[in-house]
Amino acid sequence: MSHEAAPLPAVSRKSSPLSGKIRVPGDKSISHRSFMFGGLASGETRITGLLEGEDVMRTGAAMKAMGAHIEKHGDEWVIRGTGNGALLQPQEPLDFGNAGTGSRLTMGLVGTYDMETTFVGDASLSGRPMGRVLDPLRQMGVQVLKAAPGDRMPLTLRGPRHAAPITYRVPMASAQVKSAVLLAGLNTAGITTVIEPVMTRDHTEKMLQGFGANLSVETDERGVRHIFIEGQGKLTGQTIAVPGDPSSAGFPLVAALIVPGSDITIENVLMNPTRTGLLATLQEMGGRIDVLNPRNEGGEDVADLRVRHSDLKGVTVPPERAPSMIDEYPVLAVAACFAEGETLMLGLEELRVKESDRLAAVATGLKLNGVDCTEGEATLSVRGVPGGKGLGAGKDAAVKTHLDHRIAMSFLVMGLASEKPVTVDDANMIATSFPEFMDMMTGLGASIETIRAA
Ligand code: S3P
């Protein structure tokens, strides 16, 4: 896979106005879950709009290795699942590459099976904490036969004969942890309960209900969600149209806001309220973003976004907004570089355990490119330079991306409005979530190119 290949640096330069209409690839969270739930359900699941990024393909390969049939017919992915409770022990370790969502959700999905499963990944994934998923699984009776120090991958799980249903209060705002426990509950007799004090993306709940799981949600008077799933029920194949990924849309969106004269439209973007924090923040900053043609497709809100260059101003982003824009802080920080005044982002502790320590990676990259910013334990403040004068470190000083696709894309967006070019050390990882990024951005008029070794 490309992230085991030699690094591929890339550079972006001040661009003329961006214009055009684009469709970003399918939502990554929904794409992973489509392969997983389709691979597990009885009968046929048909998926259009799937993100064909490396991360999602790893999940597809894992489901195949456990007995699902997955094929592509034209634009459609067709899956014949094993039936709930009938996954097979994989013959080889499951290699999840860079994918936290794929690996953590699959640990939940198979952890309660009476079989052995080994999980491996790349250097970034092998550095990420898995204890947050293993702790509740242990409570259900799952044994962690082997793990690298600190509950890290590579690791091997062995499920019990009969897993125990638990009630689990998720200690951090994490849709992956919530989902892992719910998926473990699918293969556990009785009712597994997840208590979610802070709401995170709800794709697992909505999609499992769509596949026929007996799952219900009650929200108490303090806004705490109680999610109940009854195990060992039947799941039935579905037809799914995956909407455009709002996290991927964030890159052309911020690019159009900061490049003078730009006017672009991004069609078919997922508008699930657990995912729209970036949009709300950019609108508060004065971003001219029109939400056009709002509609509901297959149970999810979607819309087209018209985005025009805007004079942005700094804002304070409250900590409670973090779950609805957790993957978008790197690109928000880039927007903040071109805003009048200071943007203060609060409640960022989870950024430390993403594909990289994103808080450190962003702050270091911004400083390298001449931005006045301050990194706190769980905060970031950025003082902007409208017009981008003095920003950009040129072609010889590259931002370290630490195998993190969103760090690479965010800094390539930054260069489009900076006085001097912005360079990143490796653009390979972009293929994990947004393989079309370079072509789509250059198609809008962005000046971005990879730098091949002479
Ligand atoms: C995801 C949940 C989030 C997010 C990730 C996708 C999901 O991770 O950062 O990109 O699909 O459930 P956390 O659960 O670690 O916050």
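Numbering starts at 1 and runs along the chain as displayed.
Quick reminder: no glycine exception, Cβ is built from N, Cα and C everywhere.
Automatic prediction, not curation, is the source of TrEMBL annotations.
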Stretch carrying region 'Disordered' according to TrEMBL (options 1-25, 26-50, 76-100, 376-400): 1-25
Candidate from ARG222, ARG358, ARG452 that TrEMBL assigns to the same phosphoenolpyruvate site as LYS28, GLY100, ARG128, GLN176, ARG406: ARG358
Candidate binding-site residues LYS28, ARG33, SER174, ASP327, LYS354, pick with smallest Cα gap to GLY100 (phosphoenolpyruvate binding site): LYS354
Listed binding-site residues adjacent to ligand 1, that is, members of SER29, ARG128, SER174, GLN176, ASP327, ARG358 whose C-beta is under 6 A away: SER29, SER174, GLN176, ASP327
Long-range Cβ neighbours of the region 'Disordered' (1-25) (under 8 Å; 6 or more residues past either end): 51-54, 97-98, 122, 244-245, 248-249, 252, 255-256, 259-269, 309, 388, 395, 398, 403, 408, 411-419, 421-429, 431-436, 438, 440, 443-453
Distance in Å spanning the most remote Cα pair of LYS28, SER29, ARG33, SER174, GLN176, ASP327, LYS354, given for 3-phosphoshikimate: 19
Alpha-carbon distance [ARG406 (phosphoenolpyruvate binding site); ARG33 (3-phosphoshikimate binding site)] in Å: 21
Of LYS28, LYS354, ARG406 (the binding-site residues), the residue whose Cβ has the fewest other Cβ atoms within 10 Å: LYS354
